[in-house]
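Quick look at what Swiss-Prot lists:
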BINDING   Lys14, Ser177, Asp178, Thr219, Gly220, Gly221, Met222, Leu223, Thr224, Lys225  ATP binding site
BINDING   Ser54, Asp141, Asn157  substrate binding site
Amino acid sequence: MRESLKNSKRLVIKVGTSTLMYGNGHINLRTIEKLAMVLSDLRNEGKEVILVSSGAIGVGCHKLQLPVRPTSIPEQQAVASVGQSELMHIYSKFFGEYGQVVGQVLLTRDVTDFPISRENVMNTLESLLERGIIPIVNENDTVAVEELEHVTKYGDNDLLSAIVAKLVQADLLIMLSDIDGFYGSNPSTDPDAVMFSEINQITPEIEALAGGKGSKFGTGGMLTKLSAASYCMNANQKMILTNGKNPTIIFDIMQGEQIGTLFASKKEEFSHDGTH
């Protein structure tokens, strides 16, 4: 099935805050520049690319020199407002170095829940892609309360990226994280942890491995990634979870190399488009 990834034309790339920021709260400019280069080159190759990016609050905290993330919703939304503007400025600068135009698309869950607004979003994304523009999608943190309260509607944009992938009928969602893939145990504490190369079904056993509340492995981060993977698989789409510290790994994925964990239902192999 990995070989079929070479045929992927429309890609959604999701990058999380942990990939965009250093642990000390500063912006990881090296990773962002590499990401801009990789995605711009994929466009040069003829691929259609959508970037789903977190990081508004993290970048806002850096811009405003806040040592810790604010706890109140109004403060978080104010920080997100500053951070989103700064984040797009950084993206525009780096993508511009490679001659690639980007466009901002901010979404909230209700927009994708209602048919008319969902259709508008689809039309906007299609229009951007037709013009060779890379849409940069983020949740609109200045108005979206649920994620800020950690009732996780989108869960650091994990689910949002899967929803976007379905909206545009993407061939592949690549989720760049701070972990190499999906493991049977915590690789940071278990030196013998084994990574899954491919998962064809999200079973209760797989969910249990991701960890739940109170487990030392999961704070919910991996669970939201599994939810996104399940959403993709139910839509007959493929998702790869891999480490985003070096975005050039995307080139290797597109060559069919065994990188990260591929989530794909078995029925996906027999999809109607004949490319798989």
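Yeah, the Cβs are placed from backbone N, Cα and C, and that goes for glycine too.
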(message) I'd like to know which of these binding-site residues, Asp141, Asp178, is least surrounded, judged by other CB atoms within 10 A.
(response) Asp178
(request) Would you mind reading off the Cα separation of Ser54 (substrate binding site) from Lys14 (ATP binding site), to the nearest angstrom? (result) 8
(request) Work out the three-state DSSP category of Lys14 (ATP binding site). (result) strand
(request) To the nearest whole angstrom, state the Cα distance for the pair Thr224 (ATP binding site) and Asn157 (substrate binding site). (result) 9
(request) Can you figure out which of Lys14, Asp178, Met222 (the binding-site residues) comes closest in space to Asp141 (substrate binding site), comparing Cα atoms? (result) Lys14
(request) Quick one: pull the CA-CA distance for Asn157 (substrate binding site) versus Lys14 (ATP binding site), whole Å only. (result) 8
(request) Give me the largest Cα to Cα distance among Ser54, Asp141, Asn157, the residues the record lists as binding substrate, in Å as a whole number. (result) 11
(request) Based on Cβ atoms within 10 Å, give me the single least packed residue among the binding-site residues Ser54, Asn157, Thr224. (result) Thr224
